[in-house]
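Visitor: Here's the feature list from TrEMBL:
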- 84: active site, proton donor (ACT_SITE)
- 85, 177, 207: Zn(2+) 1 binding site (BINDING)
- 105, 135: Zn(2+) 2 binding site (BINDING)
- 178, 208, 209, 210, 229, 230, 231, 232: dihydroxyacetone phosphate binding site (BINDING)
Ligand code: 13P
């Protein structure tokens, strides 16, 4: 059931668990995530970066595919189709295409400009029933060309953006997209705690979910994180399973070259990874 992320995140914040945002890249990704959410009776957010949207030929294609797949698979759990790290223009494209949720990443703008653009987009999104995420303090690393230095957010700026009425807030707390380097200092729980104190009931978002140790994830949820984004980890397990299939020569046996067979181990690996994360985040049976 396609919905905005507002209600599912409010419930998660109140219930002290987190909803997973899993980024999609193609039909197999989408199908694996939707089927797993349904099997586990968990709410879920499908994240689409601007790069992935372009790869799938545009946001209209993505919205049409997700809407149709949700219906054809008989998905009854709440599913939000969410733009990940959207530009100002990208937000409008997704609103027009039929997404149910957007993220406006204005973290690279001066705070005044971030406030002005976020204010405008909050009004537009809410008038149309969409949820909206904003960001303060950039997330480190690189995702689809969006590069951030990984600084910690200023809790006062977080309050300023939260007060604009966004539905969820991404605050940089030393998290990084992609694999974490060996010398990573870990999440700044001090920053997270300060942001939580300032923003109260606001569902906080933890980007860069890949590779964060389970105990840090649990502590972050305890401190007010209600949405956790995972992208790279699904890509890695898909790659590993596909490599194993080919290295075992299975693509050369019988009709093993059929794309439905060739991509099946990777698709199953995504199901297994999403299940593991939903169990860790505590969203199972919370639909
Ligand atoms: P990872 O690729 O590190 O899991 O981060 C995902 C993310 O934060 C998407 O916005």
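Numbering starts at 1 and runs along the chain as it is shown here.
Each Cβ is built from the backbone N, Cα and C atoms, and glycine gets one as well.
Remember, TrEMBL labels are computer predictions, not curated facts.
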Visitor: May I ask which of the binding-site residues 135, 208, 209 have a CB within less than 6 Å of any atom of ligand 1, listed in sequence order?
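Guide: What lies within reach of ligand 1, judged by Cβ under 6 Å, is 208, 209.
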Visitor: Other than 178, 208, 209, 210, 229, 230, 231, 232, which residues of the same chain sit close to dihydroxyacetone phosphate? List them in sequence order, counting a residue when its Cβ is within 8 Å of the Cβ centroid of the site.
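Guide: Residues close to the dihydroxyacetone phosphate site, other than 178, 208, 209, 210, 229, 230, 231, 232: 23, 177, 207, 211, 233.
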Visitor: What does the structure give for the C-alpha distance between residue 209 (dihydroxyacetone phosphate binding site) and residue 177 (Zn(2+) 1 binding site)? Integer Å is fine.
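Guide: The separation of the Cα atoms works out to 8 Å.
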Visitor: If you measure from the Cα of residue 232 (dihydroxyacetone phosphate binding site), which of the binding-site residues 85, 105, 177, 207 is the nearest?
Guide: 177
Visitor: Among the binding-site residues 178, 208, 209, whose Cβ has the fewest other Cβ atoms within 10 Å?
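Guide: Minimum Cβ neighbour count within 10 Å, taken over the binding-site residues 178, 208, 209, occurs at 178.
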Visitor: Roughly how many angstrom lie between the C-alpha atoms of residue 210 (dihydroxyacetone phosphate binding site) and residue 177 (Zn(2+) 1 binding site)?
Guide: 7
Visitor: By CA-CA distance, flag whichever of 84, 105, 135, 177 among the recorded positions is nearest to residue 208 (dihydroxyacetone phosphate binding site).
Guide: 177
Visitor: How long is the line from the C-alpha of residue 178 (dihydroxyacetone phosphate binding site) to the C-alpha of residue 85 (Zn(2+) 1 binding site), rounded to the nearest angstrom?
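Guide: Computed Cα spacing between residue 178 (dihydroxyacetone phosphate binding site) and residue 85 (Zn(2+) 1 binding site) is 14 Å.
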Visitor: About how far apart, in whole Å, are the alpha carbons (Cα) of residue 230 (dihydroxyacetone phosphate binding site) and residue 207 (Zn(2+) 1 binding site)?
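Guide: Residue 230 (dihydroxyacetone phosphate binding site) and residue 207 (Zn(2+) 1 binding site) have their Cα atoms 7 Å apart.
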